[in-house]
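**Q** Got a structure here, written out as structure tokens. Questions coming.
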Amino acid sequence: MKRHLKACLWVLCFASTALSSLADTTSPKPTLASAFSGKSKTTAVSTALKANKTASELLPMVINTWNFTAANVLAWRILKQSKGGLRQTRNAVVEGCSKCEKLQCDRTVGYGGSPDELGETTLDAMVMDGATMEVGAVAGLRRIKDAIKVARHVLEHTQHTMLVGDAASAFANAMGFESESLVTPESKDMWLQWTAENCQPNFWKNVHPDPKVSCGPYKPRPTPLTRWKEDRARNEYEIGRKNHDTIGMIAIDVESNIHAGTSTNGARHKIPGRVGDSPIPGAGAYADNEVGAAVATGDGDVMMRFLPSLLAVEAMRAGKPPADAAEESLRRIIRHHKDFMGALIAVDRLGRYGAACYGLDEFPFMVSSPAGRDGPTRLETVKCIAGQDKVNIVSF
């Protein structure tokens, strides 16, 4: 009996050793090609695949919405100040978004853009730490140019998540930021032209006098329930890149520490007091070191109702690749708003990323990482299909 037992144990041991040896010879180490999901649509990524780079070469990374190159380059330079970007992701995101504020990117970020109905520019911004899940945000910030840096002070020096309006400005003053006008000759001319054209377009509905031909002041107009959908469609403000935009940025180091941030001056000719999606956690941006991060841009009044950045991160948590997560998140919105315009970038903790967009011709975004073919920083573009229940995606 003992001899029989020893023989069985010997056979099991031999089989285990053989299988282990076979696995070592037939299971290659993960490469960039096996790490990516979906079909590549850019030359840079195709070259990276052919080069057979390992997944570890995807990090560190900086990625942001739109072709805001200077912001990305600065964030990448800051991220690279330490090996692998360690302890620099927050600095990278804050300084990258701050660069866009100073450059007044597309006149939709920073001072001197998107005046509201009274001709004033106000700012929204947010920073989120994917390790602690802490957020610092400001909304409707007045007379302070450094919105993203004030948001950082909210994160680091208060137990709150968001400060708004004049009180946020007073907090900024207490933290050492100087008050100054955010109005420029360009933004003043923009507002004067708008008022000369009977305040068209605007964001009012179900009021009198008719907001399509008048500047107001307005009063509520009773609307029969049967006409509500008709009036909503008729009065919708056409959202486009030049009147409604955000920089959303994500930075990840080699240990998958993540920060995400946003900055914007909101919708042009907005009703004073309006806040969009950018400073709202889960809407404008969301980050979780266990999974990844996402940033959004587009029609913030619609997007904040669906928390698309949170949806994308949770889809990745459930196992979806970044591109599929971004698409799924946008489809949730599109089912309810066929005229919606927006885009989303999703990145997992390993540096794999995807983008989806709707309602535009195309959506450009900037990426800096070791996986670049002709250097770390490159512009990626995804084509969008507008006016149909369909989304083009690009995944890497």
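Along the chain as shown, the residues are counted starting at 1.
A Cβ is built for glycine as well, from the same backbone N, Cα and C atoms used for every other residue.
These came from Swiss-Prot, pasted as-is:
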- 1-23: signal peptide (SIGNAL)
- Cys100-Cys105: disulfide bond (DISULFID)
- Cys199-Cys215: disulfide bond (DISULFID)
- Thr246: active site, nucleophile (ACT_SITE)
- Arg274, Val275, Gly276, Asp277, Thr297, Gly298, Asp299, Gly300: substrate binding site (BINDING)
- Cys357-Cys384: disulfide bond (DISULFID)
**Q** Find the one among the recorded positions Val275, Gly300, Cys384 whose C-alpha lies closest to that of Thr246 (active site, nucleophile).
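**A** So, of the listed recorded positions, the one sitting closest to Thr246 (active site, nucleophile) is Gly300.
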**Q** So, in DSSP terms, is Cys100 (disulfide bond) helix, strand, or coil?
**A** helix
**Q** Just to be sure I understand the packing, how many Cβ atoms besides its own are within 10 Å of the Cβ of Asp277 (substrate binding site)?
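**A** I count 31 other Cβ atoms within 10 Å of it.
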**Q** Hey, how far is Asp277 (substrate binding site) from Cys357 (disulfide bond), Cα to Cα, in Å?
**A** 16
**Q** Looking only at C-alpha atoms, tell me how far Cys357 (disulfide bond) is from Cys215 (disulfide bond), rounded to the nearest Å.
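**A** Distance (Cα to Cα, whole Å): 33 Å.
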**Q** Residues with Cβ closer than 8 Å to the Cβ of Thr297 (substrate binding site), same chain and 6+ apart in sequence?
**A** Thr65, Trp66, Asp245, Thr246, Ile247, Gly248, Gly342, Ala343, Leu344
**Q** Spatially, which candidate from the binding-site residues Val275, Gly276, Gly298, Asp299, Gly300 is nearest to Cys384 (disulfide bond), comparing Cα atoms?
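**A** Of all the candidates listed, Gly298 is nearest in space.
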**Q** So how far apart do the substrate binders Arg274, Val275, Gly276, Asp277, Thr297, Gly298, Asp299, Gly300 get, largest Cα to Cα in Å?
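**A** Roughly 16 Å, rounded to the nearest whole number.
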